[in-house]
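A quick write-up on the structure given underneath.
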Amino acid sequence: MGVGKSTVGRLLAERLGVGYRDTDDDIVAAEGRTIAEIFVDEGEAAFRALEKAAVRAALAEHPGVVALGGGAVLDADTRALLAGQRVVYLSMEVEEAVRRTGLNVARPLLAVNPRKQWRELMEARRHLYEEVATAVVATDGRTPEEVTQAALDALELKQV
Ligand SMILES: Nc1ncnc2c1ncn2[C@@H]1O[C@H](COP(=O)(O)OP(=O)(O)OP(=O)(O)O)[C@@H](O)[C@H]1O
Ligand SMILES: O=C(O)C1=C[C@@H](O)[C@@H](O)[C@H](O)C1
Ligand SMILES: [Mg+2]
């Protein structure tokens, strides 16, 4: 969360001359509610079901860059869908995470004690991000443009 998926995803799409899609945005648009509202109204499991469908649709319909929500990889079927795709795992350390997300209530899983929650989420998920990734790009101390270039290099893709 807050690592720069949306910022870098957009830049990457621009540099590759392809479209950009963000599954969090797709869910918000389809539901007419924020992610925080969906979590409060229906709980995380309901959000995950919407997310699973949104990722499947985005990967099937959209040939460009897709930014996934941070928890999408928790779903085994989603991980299977990512096999055979180019997948960039953008990483950062906890201090950078706190700087980038702050106490932003838009991220319900970080609403209380964000530093501790972020650490726990990463301990539970890091192996899943590594499992699906074909490239890992550290973002600490790099501008979004530098991260984008590092992703292009790691994927061995040339900008248009
Ligand atoms: N490389 C970077 N260096 C510094 N700040 C950055 C960098 N990339 C993104 N940011 C900033 O961090 C914040 C989070 O970025 P962004 O919304 O792109 O992350 P995200 O991974 O899409 O988050 P979410 O999990 O909410 O979808 C924004 O304020 C953005 O401007
Ligand atoms: O890491 C997560 O579990 C989340 C990340 C965001 O992209 C959103 O999908 C939502 O806030 C949950
Ligand atoms: Mg985002």
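Cβ from N, Cα, C; glycine included.
With Asp24, Arg48, Gly70 listed by TrEMBL as binding substrate, the candidate from Arg125, Arg126, Arg142 annotated for that site turns out to be Arg125. Per TrEMBL, the candidate among Arg56, Arg79, Arg86, Arg107 that belongs to the ATP site alongside Gly2, Val3, Gly4, Lys5, Ser6, Thr7, Arg142 is Arg107. If you measure from the Cα atom of Asp24 (substrate binding site) to that of Arg142 (ATP binding site), you get 24 Å.
Under the three-state DSSP scheme, Lys5 (ATP binding site) falls in the helix class.
For ligand 1, the neighbouring binding-site residues among Val3, Arg48, Arg125 are Val3, by Cβ distance under 6 Å. The DSSP secondary structure for Arg48 (substrate binding site) is helix. With a cut-off of 8 Å between CB atoms and residues at least 6 apart in sequence, the same chain places Gly71, Leu74, Asp75 near Arg48 (substrate binding site), listed in sequence order.
Each of the binding-site residues Ser6, Thr7 was ranked by the number of other C-beta atoms within 10 Å, and first place falls to Thr7.
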